[in-house]
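Data block below; observations after.
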Amino acid sequence: MPNNKIQQITILGGGTAGWITAGIIAAEHWVENDKNSIQITVIESTEITPIGVGEGTWPTMRDTLKSMGIDETEFLSQCDASFKQGSKFVNWCRGDNDYYYHPFSLPEQYHQLNLANHWLQHKDKIPFANAVTFQAALCEEGLAPKQISTPSFSFFGNYGYHLDAGKFGPFIRQHCVNKLGVKHINDTITDINLHPNQDIKSVTTAKHGEIGGDLFIDCTGTHGLIIDKTYQIPFVSQKHVLFNDTAMAAQINYDSAEQPIGSSTLSTAQKNGWIWDIGLQSRRGVGYVYSSSHQNDDNAEQTLRQYIQSSTIKLDENDISVRKLAINPGHREKFWHQNSVAIGMSSGFIEPLEASAIALIELSAKYIAKQLPQSRSHMDIIAARYNKKFLERWQQILEFLKLHYVLSQRRDSEYWLDNTSATTIPADLAEKLTLWQSQCPYTYDSLVTEELFPSASYQYIYYGMGGETRPQFSRKIIDEQQQVNALIQQNRSKTAQLLNTLPTNRELLNKIKQYGLQNI
Amino acid sequence: MAKHELVNNVDHKDLKINTNRCTELGDNLWYTLTFPDEFRAVQAYYPIFFQKEGETGQFAPVALFGFQHQENLFLNNDGWDAGYIPITVARSPFTIGTQTQDVDGKPQQQRVLTLDVEHPRVNKDEGQSLFMEFGGNSDYLDSVAAMMEAIHHGIEANKEFAACLSELELLEPFTLDVELYDGSKHQMVGLYAINEEKLDQLPDEKMAGLVKSGYLKAIHFAMASQGNIGQLLARKNKQLGLKRK
């Protein structure tokens, strides 16, 4: 019989998923020098190179790093990381160099009033994001979200990070092993062994024999050693909604040591997909995500190369080495099965349009850390809830990413025609789109707690893409007018003040390298 | 506009420095940089806090003269009402410049004394002479040179002192809440002070390190200096003509 008490957590696979999960759970549960403490073991073969995509995070990463006791200055330097304040979407509306921002900061006073209602009357004069927050202006100027005197993890503008995924996993590993009591077994897994009740009993490794556990976490990426190879949990493809199934990635050097480091992820729509462009401290990461049903690989590589050429001054075509990755858009039918949970790419994967991959890992690990069953007998209840929650989250991701496509006026390729065709739009999203014609997206749209994307994000995309709502008039809206005018005035002066005082992303990163950030 | 010149007994032969203390001569400062070697003298009159330097985010100790920009509560019609003036103020209008000079055939950065000749203190009629009749340094100039040397070493010492305090987490944000006799309240943020609880809990070997480096003395001076906040407040009430109700 399986041991009833949950004490040993065994994580299969390292990489970003494995180590973030280990770190979050250890920070919550591990007690030094206590034999009754939860013990976490990560089996990771350093011979297997992690896939290393996922170079953008959400602001949630600040809390994740802080909760693990990581020093922000050290993280920034070890992971080649920079500050990300949102995304800039170029050419998504019409393809004539149009752009809009999805910043991380909520519209001013978001939970007191819905500024969108008021902005509708001025929509021809100012883009939505600029009217409701200062952050779009900061991004446009490539400014940092803070100053050198701002303490670690604090900010003027809410931020996450751009980071080198190849360095991030090893960095977290080192911290987990040295500071959080996580055991690292550097080995390859050869077998998964079951109890008679079908729970995982142990995993067999090439050099370290059998390794047991009470809860197993499958972070083996596309291998899916437990979720796929052992339990064959069905995969739910979402390719009929989001067509992009291939990515080509390249690393580009800066033209000079002074070239600006972008404050947002630059996402430029193409005829058959979109190109990400992110700035780390020492290089850029650029990649093309596209639909292989609409464009062949050779053509796609050409698209990427052209983009790179046009965005750099001195670059030899031969210096660009392009790596191809397959994306199977979709997720597992469930994630927690028996005494195992799949986290990271083993649970599902979708194009990185809103950098949801790492965020979902953080949320999954946090759920497990907070709801960790004390014994096996309570595990099935938590598993069922977890599965419901994360299926909802996948639905939200799907719906929110699709929103970026459906409002486009582009009709310059089959890809855009297909993307905007009603038959590819999930029913829940179609319902929202109907509703938003007569009322602004707001908090009432969220039917679940701990929503993945706040309704403010829907506002940024909907109005950024030119979505229409018939202006409403009500007693409340008229009463709010004075408050709104003051707020808009305040946002304007705050914007001007921050534009004057904040350093550029690169200036701040250089300063941090020299002086470090203070913790208070 | 400031115009800094290398001090020399040709161009500056006849110059005098007005060392009176008043707003017109730029003494309306609400704080100034200080450093551990000066804490003993400073803490007798002024509260010592720590501030972050805007350019580096690093902590540096400051002596407080007022509660807001351009407010120096020690200034009155008779000058500066305190027995000691911190040397980063007393040195005005001199600064340190660097100059490359050949030493044994190798170019080396040397510190040199420079003077802002456009500063309102600089004149030909009133105050302390820079040079004596035949070109030798006046005692005043020698004392200024010594101050500049002390400031240079003080700034270097501050870096190590601040790094030590940060590492031991001995600083904490300090919000200075001020209430005047008329009931009006003011709040100052951006100040940091010694975290006494952390200091009390410091392991013995760390404490021994603080004693050895002399930092413990500086820390105690900084802590004791907070008693001067009350006197600063009294000056403010007096200046505004407020009486205790």
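Every residue, even glycine, has its Cβ placed from backbone N, Cα and C.
The record from TrEMBL ties A:Gly14, A:Gly15, A:Thr16, A:Ala17 to FAD, and of the options A:Ile350, A:Ile358, A:Ile368 it ties A:Ile358 to that site too. Separation of the C-alpha atoms of A:Gly15 (FAD binding site) and A:Glu354 (L-tryptophan binding site): 20 Å, rounded to the nearest whole number. In terms of local Cβ density within 10 Å, A:Ala17 ranks first among the binding-site residues A:Ala17, A:Ile358.
Calculated from their C-alpha atoms, the gap between A:Thr16 (FAD binding site) and A:Glu354 (L-tryptophan binding site) amounts to 17 Å. In the three-state DSSP scheme, A:Glu354 (L-tryptophan binding site) is classed as coil. Cα to Cα, A:Glu354 (L-tryptophan binding site) and A:Lys84 (7-chloro-L-tryptophan binding site) are separated by 12 Å.
Largest Cα-Cα distance over the residues recorded as binding FAD, namely A:Gly14, A:Gly15, A:Thr16, A:Ala17, A:Ile358, equals 14 Å.
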